[in-house]
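To start, the structure itself, in structure tokens.
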Amino acid sequence: MSSRQLSTPSLPKQKPASVSKPSQSPALSTAAGTVLYTDTVPIDAKEKIMDSVYCKVADKYDSVTDVMSFYMNKVWKQWFVERMKPIPGEKLLDVAGGTCEIAKRYLTYQDEVNGDSTSTVHVVDFNKDMLRVGQHRLADTQWIKDNRVTFAQGNAEDLVDIADNSMDAYSISAGMHNLPHPEKAVQEAYRVLKPGGRFACLEYGNVDVPIFGHIIRWYWDNMLPAIGGWLANDRPSYERLARSVRSFPHQKQFSQAIRRAGFHLPGKGYELYQCGMMVVYIATKPLNA
Ligand SMILES: C[S@@+](CC[C@H](N)C(=O)[O-])C[C@H]1O[C@@H](n2cnc3c(N)ncnc32)[C@H](O)[C@@H]1O
């Protein structure tokens, strides 16, 4: 197993919900380079804290996410998979794959749209409970029987079991905001992709539209913890998730990190869903890499 065994620390006290961050968070500059980290928990503690959160929410994760997004998360993920433009026969690495929503939609697309039954998905996630829910969800499918989907516990920032230049495509959906060093995960994606391989990231974004942006930020700070408390009986975990999402860098900054890793990212570098509630980044590893 490529990830370390993790203990389950208690959640640190969150900042009051009314404390909001600027819509464009600053990146920190250190001797090691630009670090995309502005979360309120210490950077060294974030990995364990987020793992602890996902252990607690795994069983109800999908149903709570459906309610708090008004079922839009399903639409966003479907758009994302279509935007990835799946290619018959390719090998996809789905990182932070959680409950396998992306793997399921991707393989369905390959079957139904491309008429392809040879493409594969390797799902990697840090959290054993999220993986367990994902494995259970796909357990009785033909994809498992045909060995088209495989699972491993592992860290997006250090994909030690994945060889260099071995994957045709890489996806990560709502995964980057959990990471202490998202820029490391982007570098790992670059390493494992073949030249010409596609990097696809779906992540929560910053809504820059004035009034709508305020409403969304208020919703994240107040309603998300309330709904998590109500449906999952776990307000602290959903406060932590909301804080993690809210501290993720602005799309303009994150697209720069993707370019810094060596990817070709066309145009302005990102596409907005619902004015930036979600953001899609589709990049390519250059053929001459
Ligand atoms: C919000 S869920 C998203 C799950 C899924 N990709 C989706 O779109 O429904 C985030 C996932 O990231 C995983 N995760 C958090 N930190 C990780 C890390 N360092 N490496 C790999 N996965 C991680 C969590 O365990 C969780 O399953």
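Positions of Cβ are set from backbone N, Cα and C atoms, glycine also.
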Query: Out of ASP111, ASP116, ASP125, ASP140, which is the one TrEMBL records at the S-adenosyl-L-methionine site of THR99, ASN155, ALA156, SER173?
result: ASP125
Field: Same-chain residues at least 6 apart in sequence whose Cβ lies under 8 Å from THR99 (S-adenosyl-L-methionine binding site)
entry: ALA58, TYR61, ASP62, MET130, VAL133, GLY134, ARG137
Field: For the binding-site residues ASP125, ASN155, ALA156, SER173, the one whose C-beta sees the most other C-beta atoms within 10 angstroms
entry: ASP125
Message: Please give the maximum pairwise Cα distance, in Å and rounded to a whole number, for the S-adenosyl-L-methionine-binding set THR99, ASP125, ASN155, ALA156, SER173.
response: 16
- request: Sort ALA156 (S-adenosyl-L-methionine binding site) into helix, strand or coil using the DSSP assignment.
  value: coil
